[in-house]
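Chemist: The repeat 'TPR' annotation in TrEMBL covers 248-281, 429-462.
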Amino acid sequence: STISKDSLKTSLLKLECHFTWTLLKEHVGLEALEETILDHIKFVVEYNIRDYNILSYVCHLKNSNEEALRSLRKAEEAIQKHHPGEIARRSLVTWGNYAWIYYHMQRYEEAQTYVSKVEDTCKKLSSAAHRKIQLPEIYAEQGWALLRFGNHYFERAKNCFENALKSEPDNPDFNAGYGIAMYRLEDWGGRNGDEFTPCLEALKRAVELNPKDTTILALLALKLQRLHRGDEGEKYIEEGLQKTPDFPVFLRYAANFYRKKGEVNKAVEILKKAQTLTPNSVFLHHQLGLCYRFKVTQLKKTRFTPREEVENLIQHAIFHLKTVIDKKPVFFSAYADLASVYALGKRYEEAEEIFQEVLQRNDLPCGEKQEIYFHYGNFQHFHMKSESKAIKYYIASLKMEKDSYGRKKCSEAVEKLLTEKIKSSLGDATDIGTLGLVYKLNGKKQEAIECYKKAIALDPNCEEYQNALVELQLSI
């Protein structure tokens, strides 16, 4: 071919599109993501361009490039329909994806054609032709794509929407994306020990600018609920149920709201309605699993637990949570949810299997591993009645440096367990020494020194405590 593959690759890397935004497939369940996008296409027509663009990339990741090209043709149809006056400007991402897909299909002539189309358009749009073009809607499209790829990308998504807003601070779409990115960051960051981001203001502004978009309305309600302003939040949920009673994305957030409020039957009713609209949604399966689990724990507190009803609910919960991890193997917290349901049903071997399966995954991020150690420690402590194993796993989480929600929970659990044991005078030198280790791992040096001194008094021959004590005294 007359086109040099190397120079083509250089040009391709300069394009702004899904192939150059570092969206890695190991961070998502491709099947679940594809279903989410297809559902969105069905229910939210005005974002079809964006959805077909990202769908083409997902198809490519699934090795179906022909399918990817079909999605891009649909994106082009949507561009002609929604932006007939500025087709070139609105096609930059679509053309970039075309170029990459043709490149991967080794159809270099066609790839070059699309690269040229992008370059020509950029020259017309910007005086500095050699520079990458920076259009606010491209930043926004990148932001939406990053949100779709999950928690590793929320910080970058927020930055993209911030960049887009610099040029158009009142753009409803950019504000919506920014509000959602802030909400997700806070949701995720809060669980991983990061600083809170002020998403309340961002969501309020997004709601003002997008009166029709009930998704943001629902997130605002959930945020208010988290701030213990649930009554205020519920008004927004009721408003959303009036405005979009058949919009599944809104319904699943509404259900989430009622589950957290403790109105589980109402939540299940809403989830089942949403399931008739989007039967494959992983999110709905997860929420249903959590609702049935909640019902089991409620029934177990009653004086005469109806065995059959409990069994039935456990079966339901297991079915839904298994579906989640089958369709989306990177939904790590769902493994702990499933294990906890097996434990509620006294099916301990199956619970153990699920815990082992997720703990042996080499793609399990640090913060999530610490959280699973917390649930596994609880399982050992409360179901298997093994305090020593519980302590071992709580401490395994503390030995991982990352400051996360899971680490904090392990720290609280293991301190409480050991302190109670020592207080009740069942504790021996080992327990006091272990508490010393916990304090040491948490940077509480003075408390650690006290513990090691007490442990040595009870067991003068233990070298481990003496070495730890010397090390601590030297470090102060």
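Heads up, the Cβ atoms here are built off N, Cα and C, so glycines get one too.
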Chemist: What does the DSSP secondary structure composition of the repeat 'TPR' (429-462) look like, as residue counts for helix, strand and coil?
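Modeler: The breakdown for the repeat 'TPR' (429-462) reads 27 helix, 0 strand, 7 coil.
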Chemist: Summarise the repeat 'TPR' (248-281) by DSSP state, stating how many residues are helix, strand and coil.
Modeler: 28 helix, 0 strand, 6 coil
Chemist: Limited to the repeat 'TPR' (248-281), I'd like the whole-number average of pLDDT.
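Modeler: Mean pLDDT across the repeat 'TPR' (248-281) comes out at 97.
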